[in-house]
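Per TrEMBL, the feature disulfide bond maps to 11-46, 274-277. As annotated by TrEMBL, FAD binding site applies to 67, 69, 80, 132, 135, 167. Annotation comment: TrEMBL describes 274 as active site, nucleophile. What TrEMBL lists as active site is 277.
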């Protein structure tokens with residue numbers, strides 16, 4: 001009995017001395033959440049919404065097509081002005097062409113801006129072209145799906161040639177319109193390149209596009225892989241290897257600055273006053289951010305295991321949806337542009 005009692009006491013002492021104190025202060029709990037959020041965001045080029053937040057809302061994109069909403073004027077210009085002024089590596093003394101919020105500059109038709117732009121490094125010029133291309137694409141969607149008239153409560157939607165010329169005509173925009181459209185094509189090439197680069201991630205057998213319907217999931221993956229195959233057949237991709245190719249320390253710093261600027265743009269999109277405009281603006285911004293994440297993760301994608309979960313590179317469902325819908329919007333812009341060319345020829 002004495003031996004048993006001694007063993008019991010020793011066991012209790014061992015349990016007591018070996019026990020873990022799992023008490024955490026509220027401050028520590030909040031810090032851990034913040035650390036996890038920071039770690040998760042290290043590779044992201046945009047702010048991803050917290051899908052578990054009570055404020056998050058799911059919407060059917062097919063029921064909410066991107067088109068003209070009447071959101072325009074000073075409030076819309078302020079959002080885009082903040083995006084350009086805060087993030088495009090531009091000094092306050094340099095003004096973008098046709099900026100209604102800029103002071104009058106007399107005879108300067110924007111040449112001083114492009115002289116300044118050409119003096120920047122490749123990475124910063126690329127950043128501006130991406131934002132300009134995104135802006136042009138969104139404007140094209142609004143011109144192509146314009147509210148032409150509304151009779152008896154039934155709206156009539158279609159292309160508005162006058163609005164298109166106002167935004168892109170070489171004469172009306174003093175040469176700025178064609179530059180915007182060139183940046184649109186540049187953005188299209190960037191996202192096309194990203195789709196071809198990310199193909200190995202989806203080609204792995206472990207990756208499925210889960211919705212709960214196994215047959216539809218398999219069909220969707222097959223269609224997606226067909227799209228990736230088509231992108232590889234197009235030879236004129238943008239070569240991102242020329243970016244961030246300087247000394248390692250400077251290149252790393254510039255890449256981080258590039259990423260943070262882009263994340264700030266996704267925050268600014270939250271300030272858009274029109275719900276539908278904010279929805280499509282954020283979706284296309286997140287899609288571009290995901291494309292950039294892919295382009296700068298080539299080594300990690302090449303090292304992905306075939307039959308085990310990804311560690312070095314991962315895409316969330318939100319990023320996948322944004323990437324494909326953003327490219328879909330750009331493809332639609334290219335098609336709409338061709339349609340406007342035909343309409344303009346017939347109107348002459």
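Glycine is no exception: its Cβ is also placed from the backbone N, Cα and C atoms.
TrEMBL annotations: computationally assigned, not manually curated.
Distribution of TrEMBL features across the structure.
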{"residue": "67", "record": "FAD binding site", "Cβ within 10 Å": "17"}
{"residue": "69", "record": "FAD binding site", "Cβ within 10 Å": "14"}
{"residue": "80", "record": "FAD binding site", "Cβ within 10 Å": "20"}
{"residue": "132", "record": "FAD binding site", "Cβ within 10 Å": "22"}
{"residue": "135", "record": "FAD binding site", "Cβ within 10 Å": "18"}
{"residue": "167", "record": "FAD binding site", "Cβ within 10 Å": "21"}
{"residue": "274", "record": "active site, nucleophile", "Cβ within 10 Å": "16"}
{"residue": "277", "record": "disulfide bond", "Cβ within 10 Å": "21"}
Task: Rounded inter-Cα distance in Å - residue 69 (FAD binding site), the residue listed as 'active site, nucleophile' - done: 8
- [ ] From the binding-site residues 67, 80, 132, 135, 167, pick the residue whose C-alpha lies nearest to the C-alpha of residue 277 (disulfide bond).
- [x] 67
Open item on the list: Roughly how many Å lie between the Cα atoms of the residue listed as 'active site, nucleophile' and residue 167 (FAD binding site), rounded to a whole value?
Closed with: 20
TODO: Measure between the Cα atoms of every pair in 67, 69, 80, 132, 135, 167, the residues the record assigns to FAD, and report the largest value in Å, rounded to a whole number.
DONE: 21
